[in-house]
Amino acid sequence: MNAPILVINCGSSSIKYALIDSDPNAPRLAGIAERLGSTEAHLKGSNSCGESFQQSLSGADHAQALHAIFARLEERSPAAIGHRVVHGGEHFTQAALIDASVIDAIETTAALAPLHNPANLAGIAATRALFPYLPQVAVFDTAFHQTLPPQAYRYALPEALYTQHGIRRYGFHGTSHAFVSQRAGEISERGNGGWLVAHLGNGCSTSAVWHNQSLDTSMGLTPLEGVAMGTRSGDVDPGLHAHLHRQLGWSLDDIDRVLNKESGLYGLSGLTNDMREIEAAADEGHAGARLAFDVFCYRVAKSLAALSCALPTFDGVLLTGGIGENSFQVRKRVIHLLPHFGLALDDDKNTATRSGREGRIDAGNGPEVWVIPTDEEGRIAAETRQCLETHA
Ligand code: AMP
């Protein structure tokens, strides 16, 4: 199958797209329709020559935006559409060809991801209505982590909360953790060994991957658990919720908003959720930015150290995401905080590796440290192809 795959990532007011050839390194048509449903709705992206464009879609809804996206595909008909779906619950251990029963199962898990799954479903409904002749595949953020053993995925809570309500740890960013660990297997002499993976972007998560299987990960029931992120708190004392409610009278919505949107780098620094700005302000002596940087790096290192318990063997650390791929300062601090693992960086290689470059940055005497730019769209396209081949 040589025709490209159209990858769609549908949010409540945005649609990201990318047209991906069977050669994942071929130039890509890609872009985003944003602020859908408002007068400021627009589509921006780049064409196959790498030229960027912007088009007003004033008042457009998801279906109208998808029409505009198709008009930008330069008459290259996709073989299928691969949809990113955030939560697959326990139903999905791999990508699924979309039919009525798959849609039912995604609807069932919507209670676990009320902000994301309904938007993903709206995107699927719109593309199915517009392009009924195209096969559509759902690729789940949670699927890669379905290999976690019970000791890693169960919370220490009454069993009925798991058996009757699905309360367990699921993990997210699965396509990124899968892509990066598989890539390490291709480029490291150690192959598919035991890797600690840190996906550090606006959202951040860590995982322990052994022989291409996720054995533990930092995110849980929702993408709020784990390390500190751009605006998300990561782990807090579960007693915090009751305390804030009783002492400050905060509602659940207040608490949810603060932990998801007003915490992390942003909350600690009082400035910004953007690591570049945190680093610049910290260099100028801003106390909040320094604290945000320190907490962020310490929590990533602590999470990696904790996840090492899941690995039967340890071959090294893989860093990805906007921060992992670009910030040599974060990489330096995180690795420095893991002295018992025998890790050491080559400072020159660390400083030089950024802007989408892949490279090994350790000093060469111990476990390896790699920077591997993630490619979630490429992985979604690959899983979509694989799913179609299985059903051919
Ligand atoms: P992502 O969500 O993967 O796009 O990552 C976004 C994060 O990457 C933001 O916090 C950015 O500030 C951060 N980032 C991107 N480039 C750099 C850079 N050169 N140095 C530090 N952080 C960066």
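The backbone N, Cα and C atoms fix where each Cβ goes, and this holds for glycine too.
Given the structure is predicted, the values throughout are model-derived calculations rather than measurements.
Record features (TrEMBL):
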ACT_SITE  ASP141  active site, proton donor/acceptor
BINDING   ASN9, GLU376  Mg(2+) binding site
BINDING   LYS16, HIS199, LEU200, GLY201, ASN202, GLY203, ASP274, MET275, ARG276, GLY322, ILE323, GLY324, GLU325, ASN326  ATP binding site
BINDING   ARG84  substrate binding site
SITE      HIS173  site 'Transition state stabilizer'
SITE      ARG232  site 'Transition state stabilizer'
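Locations of recorded TrEMBL features on the structure.
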| residue | record | CB count, 10 Å |
| --- | --- | --- |
| ASN9 | Mg(2+) binding site | 22 |
| ASP141 | active site, proton donor/acceptor | 26 |
| HIS173 | site 'Transition state stabilizer' | 29 |
| LEU200 | ATP binding site | 27 |
| ARG232 | site 'Transition state stabilizer' | 26 |
| ASP274 | ATP binding site | 16 |
| ARG276 | ATP binding site | 12 |
| ILE323 | ATP binding site | 29 |
| GLU325 | ATP binding site | 22 |
| GLU376 | Mg(2+) binding site | 23 |
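For ASN202 (ATP binding site), the count of additional Cβ atoms within 10 Å of its Cβ stands at 16 [all protein chains shown]. Of all Cα pairs drawn from LYS16, HIS199, LEU200, GLY201, ASN202, GLY203, ASP274, MET275, ARG276, GLY322, ILE323, GLY324, GLU325, ASN326, which the record names as binding ATP, the longest spans 24 Å.
Of the listed binding-site residues LYS16, ARG84, the Cβ environment within 10 Å is emptiest of other Cβ atoms at LYS16. You'll find the Cα of HIS173 (site 'Transition state stabilizer') roughly 19 Å from the Cα of ASP274 (ATP binding site). Proximity of the recorded positions (ARG84, ASP141, HIS173, LEU200, ARG232, GLU325) to ligand 1: a Cβ under 6 Å from the molecule is found for none of them. When the alpha carbons of GLU325 (ATP binding site) and ARG84 (substrate binding site) are compared, the span between them is 22 angstrom.
Among the binding-site residues ARG84, ASP274, ARG276, ILE323, GLU376, not one has a Cα within 10 Å of the Cα of ARG232 (site 'Transition state stabilizer'). Within 10 Å of the Cα of GLU376 (Mg(2+) binding site), the following binding-site residues from the list LYS16, ARG84, ILE323 place their own Cα: ARG84. DSSP assigns ILE323 (ATP binding site) to a helix in the three-state reduction. Under the three-state DSSP scheme, LEU200 (ATP binding site) falls in the strand class. The DSSP secondary structure for ASP274 (ATP binding site) is coil. ASP141 (active site, proton donor/acceptor) and LEU200 (ATP binding site) are 16 Å apart (CA-CA, integer value). For the pair ARG276 (ATP binding site) and ASN9 (Mg(2+) binding site), the C-alpha distance works out to 26 angstrom.
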